[in-house]
Structures are given as C-alpha cells and as structure tokens.
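The region 'Disordered' annotation in TrEMBL covers 24-47, 60-120. TrEMBL lists 92-104 with the feature compositional bias 'Acidic residues'. Residues or ranges marked as domain 'Cell growth-regulating nucleolar protein-like winged helix' in TrEMBL: 126-199.
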Amino acid sequence: MRIEDVSPEWWGFKSGFVSGGYLGSNSTRKKATKTGDAQKINERTAFNEDDQENLYNLVQDKSTTGKQGLGIKDRPKKIAGVRYQGKKTSFDDSDDEESADEPFADFRASAKRKRDDSLEIQKIDEPKVKVKELCKKLLLQVPGESLKLKQLKVLIDEHSTSVLSNFSSKKDALAYLRRKLEGSTKFRVERNRVSLTSRRG
C-alpha cells in the first residue's frame with residue numbers, strides 16, 4: 001500500500017488531513033531537476049558592504065542593555081514569567097489629567113496607611129509584659145495568694161491581651177503558663193493550683 005492510496009475511511013481523510021507516511025518511514029528530499037537550480041544552491045554568495053551596514057544598524061537599533069540578549073530590547077519586559085505590556089505611567093503628570101478614580105485610590109492608600117500607623121502605635125503603647133512578674137502581681141492581689149491555673153489565665157487575659165494571645169488554643173496557653181511557673185522558684189504549682197512560695201522575692 002502506497003502513501004497516496006489512503007482509504008477514504010481513514011479518520012484524517014474525513015477531516016482534511018494528508019497522510020505523512022507510516023511511523024518510522026524516512027522522509028526523502030526533493031532533488032532539483034534542473035541543473036541550473038543545483039548550481040545556484042551550491043554557489044557561494046558574497047557579503048556586500050550594504051548587507052554589513054544593514055546588519056550593523058539592525059543590531060544597534062536593538063542593542064543590548066543590562067543582561068538582555070540581542071534583539072530583546074524591542075520585546076515587552078518579562079515580569080513574573082509573563083511578558084508585561086501596558087501603558088507606562090509617571091507620577092509627575094499634571095493635575096488637569098486626573099482621572100475620576102484617582103481620589104478613590106488615594107483614599108484607599110491613606111486608609112491603609114492610617115490602619116498600619118494605628119497598629120504600630122498599639123505595639124508601641126503596649127509594653128512587653130513578663131509573664132512571671134504579671135503572675136506574681138496578680139497573685140499578691142488575691143487573698144491567700146493562690147489561684148487555679150484557669151483563673152490565673154483569665155486574669156492575665158484581662159490585664160494584658162498580648163501575653164497569651166499567640167496560642168491557638170486555651171489548652172496550649174495553659175500548658176505554656178504551667179511550664180513557665182513550674183520553672184520558677186517563686187511559684188508552687190500543685191495539680192491545677194498556683195501559689196506564691198514566699199511573700200518577698
């Protein structure tokens with residue numbers, strides 16, 4: 001069976017495809033039938049001065065800048081794997097060219113700036129609280145200088161929200177508090193009750 005003899009039942013024939021041959025078949029080059037064409041193919045062409053000048057001008061027009069290769073300058077800049085095309089805007093534009101949505105953008109930016117400033121002020125205003133010192137202060141205010149661990153945690157949360165707020169659960173916060181107090185000689189932890197070992201210290 002030859003390549004030209006393709007069955008009309010072949011799926012590609014119905015879609016307008018032309019068979020390229022069988023898998024693994026070698027493609028043959030078309031040879032020039034005229035001797036003149038064959039000589040032109042083998043003939044060496046000279047490199048004219050005009051060709052050299054045109055090539056030089058082409059390279060200089062698309063010259064390299066930075067680490068870009070030849071001919072890349074005229075293509076759009078690639079940012080995050082995507083060729084970016086867009087209008088280049090500058091912040092020096094005159095005030096008459098303001099668009100209608102610019103005041104909203106300014107409002108959003110100023111609102112975000114205010115929110116960031118307020119968060120920084122809160123961080124600055126709230127000094128870093130030491131857990132052991134706070135526990136000692138709270139236990140001194142309670143009669144008997146003794147509290148359950150959960151009650152002490154509630155008092156700590158009321159006094160300073162930042163101390164135990166980093167924990168994902170109440171159980172983790174209590175475990176952290178227990179470890180802190182057990183590691184100190186100023187506190188005595190028996191079961192779930194915390195008390196001061198001595199009045200002074």
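In case you wondered, yes, glycine gets a Cβ from its N, Cα and C as well.
Automatic, uncurated: that is what TrEMBL annotation is.
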Model confidence over the domain 'Cell growth-regulating nucleolar protein-like winged helix' (126-199) (mean pLDDT, whole number): 83
DSSP-derived helix, strand and coil totals, residue by residue, for the domain 'Cell growth-regulating nucleolar protein-like winged helix' (126-199): 38 helix, 11 strand, 25 coil
